[in-house]
Amino acid sequence: MSGPTGLVVEGLRKGFGGRTVVDGVSFTLPPGGSLGIVGESGCGKTTTARMLVGLERADGGTVHLDGVDRSMRPRGRAGRLERARGIQLVFQDPYVSLDPRIPVGACIEEVRRLHFPLDRADRRHRVAELLDQVGLGEREAAELPRRLSGGQRQRVAIARALAAEPKVLILDEAVAALDVSIQAQILDLLAGIRRASGVAFLFVSHDLAVVRHLTEEVAVLRGGRVVETGPTVRVLTEPQHPYTRLLLDSVPRRGWDPGRIAAGRRAPA
Amino acid sequence: MSAVLTPAVRRPLLRRLRPLGNGPLFTVAVLVLGVLVLVAALAPLIAPYDPEALDLRSSLVGSSADHLLGTDQSGRDVLSRLLYGARTGLLGPLLVVGLSTAGGLLLGTVAGWRGGWADAVLSRLMDLVFSVPGLLVAIMFVAVAGPGLTAPVIAMAVAYTPYVGRLVHGLARQEKARPYLESYRVQGWSGWTICVRHLLPNIAPTVLAQSAINFGYALMDLAALSFLGFGVQPPAADWGAMINDGESALQQGATMPALAPSVCIVLAVVAFGIVGEGIADRLARRER
Ligand SMILES: Nc1ncnc2c1ncn2[C@@H]1O[C@H](COP(=O)(O)OP(=O)(O)O)[C@@H](O)[C@H]1O
Ligand SMILES: [Mg+2]
């Protein structure tokens with residue numbers, strides 16, 4: 001073996017009640033790299049992300065992180081923690097992903113206590129640092145989630161995910177539930193975190209513009225299959241697959257023609 | 001995208017219960033229960049007579065300044081027996097509700113959280129217990145272990161467990177799928193820790209509402225068992241046993257020895273029902 005190999009996903013499959021939702025998805029995310037997964041709503045993005053963090057059991061395929069197989073459910077505390085430090089997830093909707101009973105600073109501290117029980121002395125300091133990294137201060141730390149805005153909550157969720165110091169951070173539509181103006185702030189924040197921390201990003205979105213901001217590589221998902229992968233810039237400027245072209249055309253901009261898109265959408269079934 | 005509020009709202013319990021005081025019926029019910037608890041606690045201080053002291057010369061005396069509610073056939077002061085009766089009247093259901101809530105929380109959480117075969121086995125088990133009439137089980141227990149408080153309490157606790165278990169099962173399944181709990185799993189917490197530290201506090205108010213309702217039913221069932229002679233035995237002061245005792249007094253035209261404990265049972269059962277339903281209503285309204 002020559003150094004860490006990153007996240008390697010091969011032939012991942014999942015069905016619900018006989019309907020295949022993720023159908024042989026493969027991709028690679030190098031250490032510290034960034035990969036976007038784009039596709040229309042319902043194409044299996046969230047299901048894929050959930051399988052990667054172990055919230056959903058895959059029907060088939062393998063997931064390796066730096067050569068370690070993640071397909072099996074971990075046994076025991078050490079395995080569980082190790083696995084958690086591999087991949088963390090930021091959920092789509094920050095209005096339901098934070099425990100309403102727990103002040104947000106404490107919820108980040110909990111993660112530190114779980115994963116780094118030994119550095120008791122500077123735990124508070126690390127928590128403050130994590131919050132600072134997402135632009136939150138002591139005042140916000142003492143609040144319950146319901147006292148914070150959607151953008152602030154998502155910042156907390158990002159800090160909470162980073163608290164475990166994961167190798168890979170999955171962001172599942174992490175800005176979709178937020179106002180457009182707030183979206184830009186969070187995307188800037190994420191770009192900064194990526195530069196500063198070296199954590200690999202798996203950025204899941206139905207929005208190509210969002211992916212363009214943040215990822216070097218992109219995989220286009222359609223009906224549970226990857227139809228195109230490549231450097232984000234190339235895929236977005238010279239799409240090879242008709243479906244990618246369609247997705248690109250669906251982004252409103254100058255010369256945008258909804259009629260042509262609708263017609264195109266009907267054509268390549 | 002709406003700001004979805006998760007159903008199980010998490011505020012300190014007392015603050016959560018305070019707005020319930022809006023309905024006058026609820027307030028009255030809470031007062032009734034408060035008085036009941038006070039009476040049970042203070043019975044030895046406020047009871048004018050020894051509840052078990054026989055005085056055959058003053059058998060079935062009507063209500064008077066000496067005996068506010070008169071005496072029973074054996075000349076025991078009905079009021080004193082009533083006040084002392086609040087003790088077993090509350091202790092029995094308290095044990096039943098405590099045990100069945102603990103059992104139901106355990107079975108329901110394991111079934112709902114684990115799913116799979118654990119769910120299948122535990123759910124069938126609860127269905128089975130559910131389908132057997134609790135009073136019948138209690139009578140069987142008494143046949144083996146003898147009458148008293150213990151056997152009926154254990155039997156009723158077993159019988160009530162599926163009621164709590166089914167409720168908890170549904171709640172656990174529902175909460176487990178919420179992102180805030182899923183995020184604990186992603187963080188690497190054990191299922192046990194998540195359930196105890198985060199799931200239980202979030203479903204506790206709903207379970208509490210059910211337990212309050214069960215309390216009333218348990219009180220009624222235990223009273224029925226005493227009435228039938230399977231529960232607390234005379235001369236100990238117990239409402240169910242008092243009604244049984246009072247039957248012969250009824251034939252002699254004295255209504256109070258049977259009527260007074262009956263009224264107490266009805267009051268307590270109704271009050272627990274109102275309080276439980278009140279809490280449940282409030283939670284349901286908040287969920288919308
Ligand atoms: N737990 C589930 N049970 C049944 N169907 C599901 C479940 N989760 C997702 N699906 C279905 O799988 C498909 C893909 O869903 P999802 O992965 O959430 O897509 P995306 O995140 O790309 O919008 C959808 O049609 C959805 O209805
Ligand atoms: Mg999704």
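Any Cβ shown, glycine's included, is placed from N, Cα and C.
What TrEMBL records for B:25-47 (among others) is transmembrane segment.
Marked as transmembrane segment by TrEMBL: B:90-113 (among others).
According to TrEMBL, the feature domain 'ABC transmembrane type-1' maps to B:90-276.
Residues annotated as transmembrane segment in TrEMBL: B:125-143 (among others). If you look at the transmembrane segment (B:125-143), the same-chain residues 6 or more away from its ends with a CB under 8 A from one of its CBs are 107, 111, 151-152, 154-156, 158-163, 165-166, 169, 221, 224-225, 228, 230-231.
Among the features that TrEMBL reports, transmembrane segment is placed at B:149-168 (among others).
What TrEMBL records for B:212-232 (among others) is transmembrane segment.
Residues of the same chain lying 6 or more positions beyond the ends of the transmembrane segment (B:258-280) and with a Cβ under 8 Å from any Cβ of it are 17, 20, 23, 25-26, 28-30, 32-33, 36, 69, 78-79, 81-82, 85-86, 89, 205-206, 208-217, 219-220, 223, 239-240, 242-243, 245-247, 249-250. Residues annotated as transmembrane segment in TrEMBL: B:258-280 (among others).
Residues 77, 79-80, 83-84, 86-87, 89-91, 267-268, 270-272, 274-275, 278 of the same chain lie 6 or more positions beyond the ends of the transmembrane segment (B:25-47) yet place their CB under 8 Å from a CB of it. Among residues of the same chain six or more beyond the transmembrane segment (B:149-168), those with a C-beta under 8 A of the stretch's C-beta atoms are 88, 91-92, 95-97, 99-101, 103-105, 107-109, 111-112, 122, 126-127, 129-130, 132-134, 137-138, 140-142, 203, 206-207, 210-211, 214, 217-218, 221-222, 225-226, 230-232.
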